[in-house]
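Structure first, commentary second.
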Amino acid sequence: MSRVEGLTSWYSDWQGLSAAILGIGVSGFAAADSLRELGVDVTVYAPEKHTRYNKLLDAIGARYVCAYLDELCEVDVDFIVVSPGISPDNPVIKRLRDRQIPILSEIELAWRVRDKVNTCPWILITGTNGKTTTALLTGSMLAKDGARVAVCGNIGTPVLDAVRNPKGFDYLVVELSSFQLSLLPMHGNGAVKGFSSACVNLDEDHLEWHGAKELYYCAKSRVYHGTTGFCVYNLDDEETKKMVEQACVARNVRAIGFGLCVPDVGQVGIVDGILCDRAFLSARKDSALEITSVEKLEKNKLSMRHIISDVLCAVALARSVETNPLSISRALDEFCLSPHRTEVVAKEMGVMWVNDSKATNPHAVIASLSNFSRVILIFGGLMKGVDVSGIFDRFYETIKAVVVIGKNQSFVGNIKCKKIVCIPDSNDPMSEAVAAADLLATPGDTVLLSPGGSSFDQFESYEHRGNCFINAVKDLVKRK
């Protein structure tokens, strides 16, 4: 066993070790900062110069080397920390492993040093869609109940920053992407063990990175591995149930289902418009605990089907750590969705304009379309190797027309729709898409930006894409 494998605490002997951090960003810097605080000699390798991080790395005493990944096969260090953008199947990573160099992720490192201030339960959340919303919902419920909670991970705040917070936390709600999960070990001291774990839903995504649907699903399933308290799964998504059934977990772990249906014992669901818990109350065999109503959720724009599913998942996770139902209800009354998630931008001349730019895969588009009856769909972007035909087969009667954006529109041949308008690449593709949608729309229609792909071919981010849509719609309304 290497010396690194035996390091299971902030207070272990890290002094004098050397580490290479591959990639820089918020998680890479958090790793560098933490390791320097532990007395580790740190060198950060990244292919581009990041002026902001260069100065920060200098300040903490870490070195920065501008280098590409394939230049690092012979790096000589005690261990390596990789960014979540680097595949564990990368040839360089494989070669480094062959040299017996331990390779950690920021999440594994955070797990090893989680006791710096205090050791608290981790609530792990993943899914193809809705994981950020579910994490924020769960965090808000725990906080409303008086707990000190950090929502961290893929959502943006590094887990290492949370575990080093001098005040400590009662819970960490950790959002995990498939990239982050694929880097986590299944065994040993670095294997993360959540108290409660959930996969919100599952569908094809990031196939260009994982290589196959099965490998993507396998990465997601790791969220349940080692769970010590509760595995929360989606009753409307059979794959998540299979994951729980196949997971290696601690003894006496309970499986809790959630879904848009009347709940059975051990489940969270809906009865006559009331969200109910039949999983965590002692009299669950013959009664249910009321949490809130769909009517109340509607007042806070949380009543779309896929959002209610996220709410139910968060309710299950919050109840798994004994959060008071009244606190959960109050948190839901105050919760606001993040922008670019089925966000109503305008209602003009009987047409509703909806920004769902966060929908970066077909599963998210399907979830969004399920809420509307007649849609002009603005669709396209970097499709990440997934098949889009299922969307248009399933919603042929719902989708009145498709306005296609994106530089590569080769997928258009897989679209089955009554009307297709392709927007050529330009300096302002979104304004052209909005103008085209306006010509197609009639009273009673919804114009829905739900692209189904990443934004980076024409926009800086999904937020930028969504803001371009919002601005184009506002300009259109002004002209009318």
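Just so it is clear, glycine is given a Cβ too, placed from its N, Cα and C backbone atoms.
Taken from Swiss-Prot, the feature ATP binding site applies to G127, T128, N129, G130, K131, T132, T133. In this view, K131 (ATP binding site) is surrounded by 24 other Cβ atoms within 10 Å of its Cβ, with every protein chain counted.
Taken residue by residue with DSSP, T132 (ATP binding site) is part of a helix. Note on the binding-site residues G127, G130: the fewest other CB atoms within 10 A surround the CB of G130. Those residues of the chain, other than G127, T128, N129, G130, K131, T132, T133, with a C-beta within 8 angstroms of the mean position of the ATP site C-beta atoms are I125, T134, V200, N201, D310. Among the binding-site residues T128, N129, T132, T133, the residue whose Cβ has the fewest other Cβ atoms within 10 Å is T132.
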